[in-house]
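Written out below as structure tokens is the structure these notes cover.
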Amino acid sequence: MGYRAFALKNLARHAPKYLPFADVASEEVPLSRLLRLSLFQITVGMTLTLLAGTLNRVMIVELAVPASLVSVMLAMPMLFAPFRTLIGFKSDTHKSALGLRRAPWIWKGTIYQFGGFAIMPFALLVLSGFGESVDAPRWIGMSAAALAFLLVGAGVHIVQTAGLALATDLVAEEDQPKVVGLMYVMLLFGMVISALVYGALLADYTPGRLIQVIQGTALASVVLNMAAMWKQEAVSRDRARQMETAEHPTFKEAFGLLMGRPGMLALLTVIALGTFGFGMADVLLEPYGGQALHLTVGETTKLTALFALGTLAGFGTASRVLGNGARPMRWSAGCTDRVPGFVAIIMSSLISQDGIWLFLAGTFAVGLGIGLFGHATLTATMRTAPADRIGLALGAWGAVQATAAGLGVALAGVVRDGLVALPGTFGSGVVGPYNTVFAIEALILIVAIAFAVPLLKRGGR
């Protein structure tokens, strides 16, 4: 027990110096409790890395699944993103015999995650025609894989929306943006750590190892999410009785009130445009580095770490200035950092010397802008929403962000491939289509800034 107390004391003393947003901890809600709660973001990071990174490559290369079919499967989780607003509202108004609001929804999402991961490896092997499944009807593998990805996506959206709402319930209103920022920092950590673990486990790929890794992720998701929500919400019979008698508006009424708040529609439009531009960049940076700058697979993989470092720097900067009273909409113009970033990325393929360094600088700048933009718009959304509808506001923010990012990822590949297919437009070079897409992204971000200007003039929070 003495060692545990010593470790917790040193964690509370030193973490604020090195971990962004760690200063949100207090005597009532110590950092150890917040970090334990953030384990749900670790499982979300594991899932995102497994789907978008590891399985993306395994399905195309090792399992020889057509790339178009892989894209459809990876887009399945996006179908559930618009429902995050409803999830947030349901967790705000949930009625429980134990007086719990968020924990039941986190558990529901965990079950969805587990179910999807449990059937996913076998569905993918059937989809690829592995072994005796080569004679199975094609629709069986496609249907099972689609169901697996849809279940996992639904689980991730439910867990993240309810988990973030629970995090905001634990702290004072002025600290809510900071605690959500801390949760997103842990999401980035989860993505980086899980990428290293998955890479090591699947270094020598076999179908059996694929089954072990995916089902191990299913088990880890259950264990970590249970640890995250354990004793975070206090059981209260009195609160349960209040829940039974409390009158709540319908979802339509609550959503209408939220959208009727001054500036909310314009704010969500800015979020959609800015995140859409980010989504288009996310899917093309690594192939651009390989084809335009001739970077190796190992070198392009490190772009993820550089990108995450820039995002962390943006989150940390936004946390510091917003904590000192700065207006979030002014800092949401952090997407202006991404416009020069895209210019640097485009120029990196057009100069003969030091192009790689310019590309790396542009990648970091894009990550920095994303961190500033994401935290500032999240803070603005929470400040605009009513105090008793934080879950609904977080759901709306998450729904817009996830949907816009998914559409950006899908459209970037389509536009790039369409430009490549145009005869004689770019000659035999591979750089032109990429640079055109990056230029489109920069224009979209400029439009986002234009939509943010009226919010700045209004002088809102």
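Placement of Cβ uses the backbone N, Cα and C atoms for every residue, glycine included.
The shown structure was predicted, so the numbers you read here are calculated from the model rather than taken from an experiment.
The membrane topology recorded in Swiss-Prot places GLU28 on the same side as GLN232. Taking Cβ pairs closer than 8 Å, the transmembrane segment (183-202) reaches residues 19-21, 35, 37-39, 41-46, 48-50, 53-54, 58, 163-164, 167, 209-210, 212-213, 304-305, 308, 311-312, 315, 374-375 in its own chain, all 6 or more past its ends.
Mean pLDDT across the topological domain 'Cytoplasmic' (377-394) comes to 79 in this model.
Of the Cβ pairs linking the transmembrane segment (303-319) with the transmembrane segment (210-228) and spaced 6 or more residues apart, fewer than 3 are under 8 Å, so the two regions do not touch. Taking residue pairs at least 6 apart in sequence, the transmembrane segment (395-415) and the transmembrane segment (143-163) share three or more C-beta contacts under 8 angstroms.
Stretch with the most C-beta contacts under 8 angstroms to the transmembrane segment (110-129), considering only 37-56, 210-228, 262-281, 359-376, 395-415: 210-228.
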